[in-house]
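Colleague: Handing you a structure now.
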Amino acid sequence: MDLWFSEVHTPDVKLSLRTAKQLYAGKSEWQDIEVLDTPAFGKILILNGHVLFSDADDFVYNEMTVHVPMAVHPNPKKVLVIGGGDGGVAQVLTLYPELEQIDIVEPDEMLVEVCREYFPDFAAGLDDPRVTIYYQNGLRFLRNCEDDYDIIINDATDPFGHTEGLFTKEFYGNSYRALKEDGIMIYQHGSPFFDEDESACRSMHRKVNQAFPISRVYQAHIPTSPAGYWLFGFASKKYHPVKDFDKEGWKKRQLFTEYYTANLHVGAFMLPKYVEDILEEEEGKK
């Protein structure tokens, strides 16, 4: 008998994956956690019924989350990751020797342990000596930060449940305060294709645009995300993601990537017309 996992995107749309085996199922204080083995995407991590990432496509998310701000900020030393318990973002950050401190704020200790067991390649990033994990609420952690970080990455992907506070006006304001005078914040902007997701994208962009002088959005193709399309937010106190992009400097690093390139960096900010329209409408609101 075939076993299938289905993630509901809308009442009329599902993402369905043939499943070879359920590797893990448990419930932490914060969420339901499941790991499935699939023929098409390898192991997938599911939180509260939603695919967080898969072996096959997580490199896209991690590379676009990290390399974009690292290729723009001229001298980053300290990075804060809100969420990130799987270690994927940390693993890419550790490729940069100039980083002196990488702080991970993840409330769910069980999630970290599950990822260490079933996704050891990603979780290896958590073992770098520059990485410190704080098992705390991200919003509460930020309230005690001021002028501390060069880059903040909000690695929470959905504005629901225990991560809802990471998509509020307070969170973006606290992130602004926690950044140094030339700091950059990267956040997950979601997928704008379906109506409910579009509403969340609008809300995020409006709040960030009010909190930061520079607010831009870039894109990537991630097959397991809704509609296979994902947006990232780039918010900055000083640097523009394209005008201040150090293309030649990044290329000289000769880092191995599977998705991100210097040319793609610029192209990722060239958005479809319907997405531009959504963002421009929200930028006009106060």
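Placed from the backbone N, Cα and C atoms, the Cβ positions cover glycine too.
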Colleague: Do you know which of GLU7, GLU106, GLU109, GLU113 Swiss-Prot groups with GLN31, ASN137, GLY138 in the S-methyl-5'-thioadenosine site?
Modeller: GLU106
Colleague: The domain 'PABS' (2-237): mean pLDDT?
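Modeller: Mean pLDDT, the domain 'PABS' (2-237): 92.
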Colleague: Measure between the Cα atoms of every pair in GLN31, GLU106, ASN137, GLY138, the residues the record assigns to S-methyl-5'-thioadenosine, and report the largest value in Å, rounded to a whole number.
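Modeller: Greatest Cα-Cα span of the listed binding residues: 16 Å.
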